[in-house]
Amino acid sequence: MESFHSLGKIISHLCSCSCIKIACFRRSVWGLMVLLFRFILFHINPFVVLLCYFVSVSFLGFLILKLLNPRTDSFKPKDLDIFFTSVSATTVSSMSTVEMEVFSNTQLVFITILMFVGGEVFVSMFGLLFTKYKLRNRARIHGSRVGSVSSESMSPTNPVDQLEIELGMVTLSETESRKPSSVDLVSTVESIMSTNEEELRYNSIRYLVFVIMGYLLVVHIGGSALVALYVSLVTSARDVLRNKGLQIPTFSIFITVSTFASCGFVPTNENMIVFSKNSGLLLLLIPQVLLGNTLYPSCLRFLIWVLGWFTKKPEFNYMLTNTREMKYFHLLPSLHSSLLVVTVFGFIVVQFILFCSLEWNSQGLDGMDPFQKLVAALFQTVNSRHTGESVIDLSILSPAILVLFVVMMYLPPYTSFLPIKDVDWCSRRSEKKNKTGGRLAENLKFSQLSYLVIFIIAICITEREKMKEDPLNFSTVNIVIEVISAYGNVGFTAGYSCKRQLNPQEFCKDTWYGFVGRWSNKGKVILILVMFFGRLKKFNMGGGKGWKLL
């Protein structure tokens, strides 16, 4: 018995030692993971982080879409087409190589998730969370906590300390009194001001995260509810969904997320053409197009001003007056936000006038009354900048309108006429330029237009045989439209028509998907690269500065 008792003690000792070692190992692994995360957060280029994010989400989306069954077993998309769809949804490009009605309801739900997590507003919110984490981590490194003032440097005999104690801003600790000197007074004042500034900035970023979350929830919930209500009440719209086997909740959430994220995917094969006469639905979607893209900075700034006016919180005033310190790209200064509104509506008015002048009696608007034509023209012109939902077949539009749409798709979302220098905005851009201007890689970057020319040439090479056999469909203009649309993450496409074939094929069938669906696999891969490049184009807006055209 004694031997068994000794053996039990030995086993118990070994188990306790093993548990301690396992616990130490777990702590070590967790510590290494935290260090790795901090290294990535503080040292890896944001471009690399976002690239890894979009590529990872695209591959995850591909795997899930591949595992889920399509609507019918008669046609299953190829792996490349599934991956292309996943990339298109994640980069909010809405380029398609298969018809949307191929996907089942479950697949449509997951595509909705991909569009939501790939949207600029959602992604930028995580950037703010990282900024908040950096501030808190930096405060810990320096031995202080954001939101608190250390009392070790305070003393009841210090005038500044006494003032802070009387105001209730700090807690008096029992420390030895010391006679303050002028140097101590200045350093104490600077320390207090610096701490209060960091605390105010930290709280402002925290509040801004909540504002953006509320902005997302209100637009998506309100937009989905309004679309669902319209479809439920209007017979013609409800019949379209019933004939196509689409559920009203799925369609409402899908179209709202797609429109706000500026993706442009619609769960119908014909995009929004089947709803061209439902002017009420188009009018519901137009504000969502603007709220999620071109007018997002201006709407966000207005929302912050309203909240500050009601709550009287200093954090909201700090956001409006210190946009540079907030480190949030979409929070623009007052002047830039105002001129952005003028520019956006100026572009819309110019497009609307030209579109109505040239396309009023065109085939695309046949069968509509004047009011429906006006709403359809407005919807089409608003979507030409980065959203890509369409109520008209682009292939039948006049060349002048197509060229205008190409220019609109090429312009970045926050393009604005800024004749007066905004000190805050210009200083932010100049500071960024000074930081990166000395790097050799920055000087060797091409401009956006140069990369697009390279992509177009590469696609013309991969599709050169089809350009010879089918020159009307595979024209250079159609390829340019497809590439610029993918770069701008818009989704406009000229499509493919069997009627334009010079040598008609017997088994040719017109299908409702993008022109890229007729390309070779190499051409599709190149367009995937274009979509990634377009989604991350903000990191190369200063490219091409090394070239001097004299």
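Including glycine, each Cβ sits where the backbone N, Cα and C put it.
What TrEMBL says about this protein:
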{"type": "TRANSMEM", "residues": "108-130", "note": "transmembrane segment"}
{"type": "TRANSMEM", "residues": "207-231", "note": "transmembrane segment"}
{"type": "TRANSMEM", "residues": "251-269", "note": "transmembrane segment"}
{"type": "TRANSMEM", "residues": "281-308", "note": "transmembrane segment"}
{"type": "TRANSMEM", "residues": "328-355", "note": "transmembrane segment"}
{"type": "TRANSMEM", "residues": "391-411", "note": "transmembrane segment"}
{"type": "TRANSMEM", "residues": "446-462", "note": "transmembrane segment"}
Quiz item: Is the count of Cβ pairs under 8 Å between the transmembrane segment (108-130) and the transmembrane segment (328-355), pairs 6 or more apart in sequence, 3 or more?
Solution: yes
Quiz item: Taking pairs 6 or more apart in sequence, does the count of Cβ pairs under 8 Å between the transmembrane segment (281-308) and the transmembrane segment (446-462) hit 3 or more?
Solution: no
Quiz item: Where, among 207-231, 328-355, 446-462, do we find the most CB pairs under 8 A to the transmembrane segment (391-411)?
Solution: 328-355
Quiz item: Short question: which residues 6 or more past the ends of the transmembrane segment (207-231) have a Cβ under 8 Å from it?
Solution: 121-122, 124-125, 128-129, 132, 237-238, 241, 248-249, 251-253, 255-257, 259-260, 278, 280-281, 284-285, 288, 291-292, 299-300, 303-304, 307, 313, 315-316, 319, 326, 328, 331
Practice problem: For the transmembrane segment (328-355), could you work out the same-chain residues 6 or more beyond its ends whose Cβ comes under 8 Å from its Cβ atoms? | Solution: 120-121, 124, 127-128, 131, 205, 208, 290, 294-298, 300-301, 319-320, 377-378, 380-382, 384-385, 400-401, 404, 408, 414-418, 420, 422, 424-425, 538
